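Before any comments, here is the structure.
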Amino acid sequence: MVISRFSFGYVGGVILSIFNILTQLGFSVTCVVLGGQTLASINNTLPLPVGIVIVAVCALIICFFGYDLLHIYERYAYIVIAIIVIMLYALGGSPPAGYDLVAQAASEPTGANLAANILSFGGIMFGAVSGWSPVAADFNMRLPADTSPTYVFILTFFGVYIPVVFVSILGACLMTIQNPDYTTAYGENGMGALLSQTLSPWGGGGKFLMVVLSLSVIANNVPNTYSAALSIQALGKPFQRIPRFVWTVLVFLIYTVAGIVGRESFSAILSNLLSILSYWTAFFVVVVAEEHFLFRRPSQGGYNLDDYATPSKLPVGIAGIIAGLCGIAGAVIGMSQVYYTGPVAILIGDEFGGDLGFELAAVFSGVVYPPLRWLERRHFGR
């Protein structure tokens, strides 16, 4: 999050760090609840709070062993998960399950309502992956300094895009299953129970895969925990003086307690709130990109990274903060969420509207930032 100081200023960087802390905590809560549900559904004997604690502690242990182990774990964990997902594809499409795409297609809306649904689903997917943008530098920094920016972009983009699409299509397919055992499992105990039911034809082997799958959320929670702790230190020098492991433990305690306390209903509420909170990543990406390509080209001096902790040498941040506020305004009028539908979103489709929050947040901030930043540089010289 420190890089945001070069466009939003020191104060703006602190504000964005707070946004990122909340975002990473939110995703961590949903991950430990999902992992706990998956563990609890294996034999229906393990209490959900115990499952949540097991998943959370495993993530904490990896964080404590350091940055190198984190990368080693992430490098290989996805292989096992990908194999299990392929198995789920096969089992979900076979008796006694079976995908019923025809029945699903018959219930789909048409015309403007279909467009609204596509926009809203697109917003959900963007919000799910755009949370990586504020934390990518925390992990890409391990690459050699002379690594091609194009190479970094390609690896990052497809490293996020491929697994998200792969798993999302599986989820969509599983939702078409009409077998009452499967629909009841999902309705009563959530996604973990549905996955357990899907693997049940394999008996003990399916239960073993469920254990492995439940622990797969660790691959998500490890970077969430690590980056949340880094963002806390980015709040200022007083926070940097406290060792990072203290913040790591604090983050662990917060999302573990929140997951246990709100395991029955809070996770659903939190998912809806995360959809709203994620809008900030749209204007964050746009403003940082515009600063980089318009105002930090090598011919203009680029970055003096040594200035990151000196507010007097950083941008004042007026342009970035105003652009962020404009982005928030765009998100408000364009969002279609459980708790609120904006005046622009409601114009698309039925009473639920179509989500244009990310698009409008990006456009509003993207239009406002360049001229304001030009004026800021002209007036303040930085």
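Glycine is treated like the rest: Cβ placed from N, Cα and C.
Values in this document were obtained by computation on a predicted structure and should not be read as measured data.
In TrEMBL this protein carries:
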TRANSMEM  7-36  transmembrane segment
TRANSMEM  48-69  transmembrane segment
TRANSMEM  76-94  transmembrane segment
TRANSMEM  114-139  transmembrane segment
TRANSMEM  151-177  transmembrane segment
TRANSMEM  208-230  transmembrane segment
TRANSMEM  242-261  transmembrane segment
TRANSMEM  273-295  transmembrane segment
TRANSMEM  316-340  transmembrane segment
TRANSMEM  352-372  transmembrane segment
Looking only at residues six or more beyond either end of the transmembrane segment (151-177), which have a C-beta under 8 A from one in the stretch?
78, 82, 85, 88-89, 92-93, 97-101, 103-104, 125, 128-129, 132, 136, 140, 143, 183, 191, 194, 198
Within the same chain, where does the transmembrane segment (273-295) have neighbours whose Cβ lies under 8 angstroms from its own Cβ atoms, ignoring anything closer than 6 residues to its ends? I mean 6 or more beyond.
3-4, 6-8, 16, 19, 22-23, 26-27, 30, 123-124, 126-128, 130-131, 133-134, 320, 323-324, 326-328, 330-331, 335, 337, 339-340, 357-359, 361-362, 364-366, 369-370, 373, 377
Among 48-69, 76-94, 242-261, 352-372, which stretch has the most Cβ pairs under 8 Å to the transmembrane segment (114-139)?
352-372
Counting Cβ pairs under 8 Å to the transmembrane segment (316-340), which of 7-36, 48-69, 242-261 comes out on top?
7-36
Out of 48-69, 208-230, 242-261, what stretch is closest in contact terms to the transmembrane segment (7-36), meaning most Cβ pairs under 8 angstroms?
208-230
For the transmembrane segment (208-230), give me same-chain residues lying six or more residues beyond its boundaries with a C-beta closer than 8 angstroms to one of its C-beta atoms, as numbers and ranges.
1, 20-21, 24-25, 27-28, 31-32, 34-36, 38-39, 41-42, 51, 55-56, 58-60, 62-63, 67, 70, 73-74, 77-78, 80-81, 84, 87, 134-135, 138-139, 192, 195-196, 199, 202, 244, 247-248, 250-252, 255
